[in-house]
């Protein structure tokens, strides 16, 4: 009862209590009685966590926005670059298509029949393809063209070629035999002329010392001036005039004959030189005149050989040409030393032995001009002249001599005639120059520049060492022998180095007015030793070229050659005994010749086919530069400080020894047609 009675009172008291609060306060107080304190704290913590997550999300969105802005800027710049590259590629493609149209026009002019036949066959194939698309149910009959592959054809078969055949197929049917061997033998005097013109000066220059008042510098200029002429004329023939000779204006054969005739006249005038300046002027002209035949000889002979035999022919031709390095010292041992029966007078003009020696060495150039006159014109050149019948007659002669059959058995009856080229000389030379410049740019591009520049440096040093020592060794050993005979007895117990042996002769004041036309005391051993050195260089150079069949073997031989040359250069001065000096100087000559041959062979393997001729010409040009610089600089430094001259050669060979190891890296970088690596010059790097 008490509990029941207390309830209304409490309710009344509560109501009175609520009357003292405002409505919000009453609401809050009501909620406070319902909501638990722990729940409120949990809600507050949840709100704080949500707020932190919102802040992190906002930060992430800000970073993402910034990253998107940066990527948009990068993509915009890359898109601009890509657009620029596409524009450049479009220009290059337009240039390529323009060249294609020019080549197409030239083909239509030079090979009208073959070009029209190709156009008709192309149109026929398109018609057949359209018919096949329209009538898929009809069975397709495969077209079997007649087999005209001459390389697989038996020359003794009775198969004939009723249709005209182009030059490449026709030259392949002639084979390789007696005709090609006779062509090589007939061309030997031409190749020997090039070697003799650059070599013989070293073996008689001591006989002109009093006549021309020679100093060491004058000797160096007299020996190296021919290379300066070749340096000036060589690039013109290699990169410009050679293609002009291919055209219908003169032909290689006529250019070779003209160059040899002028070279013979120049040599005859050289033998009659009466002053030092006329002497070097004729020798300078020698270098300019012989550069043309030297540059055109092998391309001319290659036009009589199918591509299958060209490499073998070139290898043996090079060997037979370099054999002529043995002749100058051998002839000098006969004609320079035996002056008692070689001195004579004609029309009151006295001929000393060295003049007779020069005239005898002129015989190969005269013989070469005569032999080239007897050679036939190239079938390729005759076709460019439109003389297809004469070209066919030459091919029949080649076939008859190679297979020992009658000319009538030659299965080819007609050749594809080429329209005679009508472009003027200026246009042809300009196109040739542009083509050579574009190939040189490719060689100096990022893909090839490393190996190409290393090969240029190696060839420069190898030819510098070879030609400098080869042309100066006879003169040095004449001086050393004079020291041994005339001066050595005054120093019986003293150890004398090579430079100390040369020193009295170098510093001596010569009274040219009292000199005879020859110097006394020249021993035959000097020329015999030079002959042995030349023979060793020829034999070992050829053997190592044949034996090195892989790139690694070539690199090893190059490294070893420069290492031996370095040892020979540094050790020659302290060898003391003349035989030891001979061995060390010989090692420089032989190893430099070996290195030069291997460098050319290495270039032939690592350089692409389309760039290989240009690379070979550039390497040979750098070799001529090394020969000219070596002879002139060596003679100058020798007069100032003998030891420095030999140490300088040693330092160069040591540097090339180090450079040779860089050939162990990947020779040529692989070029991939990637858009990112495409340069505006139209090359991939």
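Yeah, the Cβs are placed from backbone N, Cα and C, and that goes for glycine too.
Of the listed segments 141-163, 279-301, 394-416, TrEMBL assigns transmembrane segment to 279-301. Transmembrane segment is the annotation TrEMBL gives to one range among 178-205, 486-513, and that range is 178-205.
Long-range Cβ contacts of the transmembrane segment (279-301) within its own chain (Cβ-Cβ under 8 Å, at least 6 residues beyond either end) map to 183-184, 187, 190-191, 193-194, 197-198, 201, 208, 212, 221-222, 225-234, 236-238, 241-242, 245, 252-253, 255-256, 258-260, 262-263, 266-267, 269-270, 273, 313-314, 317, 368, 378. The transmembrane segment (356-375) is in contact with the transmembrane segment (313-336), judged by 3+ CB-CB distances under 8 Å for residue pairs 6 or more apart in sequence. Outside the transmembrane segment (646-664) by six or more residues, the chain places 450-451, 454, 457-458, 461-462, 464-465, 468-469, 499, 555, 558-559, 562-563, 565-566, 569-570, 572-573, 588, 592, 602, 630, 633-634, 637 with a CB less than 8 A from a CB of the stretch. Between the transmembrane segment (217-241) and the stretches 178-205, 253-273, 313-336, 526-548, Cβ pairs under 8 Å are most numerous for 178-205.
Listed by sequence, the residues of this chain that lie at least six past the ends of the transmembrane segment (526-548) yet keep a Cβ under 8 A from its Cβ atoms are 203, 315, 319, 322-323, 325-326, 328-330, 332-333, 336-337, 466, 470, 473-474, 477-478, 481, 554, 557, 582, 585-586, 589-590, 593-594, 596-598, 601.
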